[in-house]
Amino acid sequence: MSSSQFFILCIILISSFPLHECENGKSVEASNAAKTLCMSVNCDNKDRNLTCACCLAKSKNRCYSSKSECVADCKD
């Protein structure tokens, strides 16, 4: 590996560090307020009007009949 390739690799690694710092959302307070906890999805393929709210948290993969139930459980 030439020195110029090594230099470019170092720049890429150093520039990706701030992105990793903000990944969890705890380092920047504004990102916590804008974070969406639940996503509306279609619950039944036969009935397109039947929607559920599914939790987007990594540890919880549950869906609820209402968005308020989903938000209440996903906050924990």
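Cβ from N, Cα, C; glycine included.
Because the structure is a prediction, the values reported are computed rather than measured.
Database features (Swiss-Prot):
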DISULFID  Cys38-Cys54  disulfide bond
DISULFID  Cys43-Cys74  disulfide bond
DISULFID  Cys52-Cys70  disulfide bond
DISULFID  Cys55-Cys63  disulfide bond
SIGNAL    1-22  signal peptide
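Within 10 Å of Cys74 (disulfide bond), judged by CA to CA distance, lie the following disulfide-bonded residues from the set Cys38, Cys52, Cys54, Cys55: Cys38, Cys54, Cys55.
The number of other CB atoms found within 10 A of the CB of Cys52 (disulfide bond), across every protein chain shown, is 19. Secondary structure at Cys70 (disulfide bond), taken from DSSP and collapsed to helix, strand or coil, is helix.
Neighbour density around each Cβ, counted as other Cβ atoms within 10 Å, peaks among the disulfide-bonded residues Cys38, Cys54, Cys55, Cys63, Cys74 at Cys38. Each residue contributes its Cα atom, and for Cys38 (disulfide bond) and Cys55 (disulfide bond) these two points are 5 Å apart. DSSP gives Cys55 (disulfide bond) a strand state. Each of the disulfide-bonded residues Cys43, Cys70 was scored by the other Cβ atoms within 10 Å of its Cβ; the lowest score goes to Cys43. Reported as a whole number, the C-alpha separation between Cys54 (disulfide bond) and Cys43 (disulfide bond) equals 10 Å.
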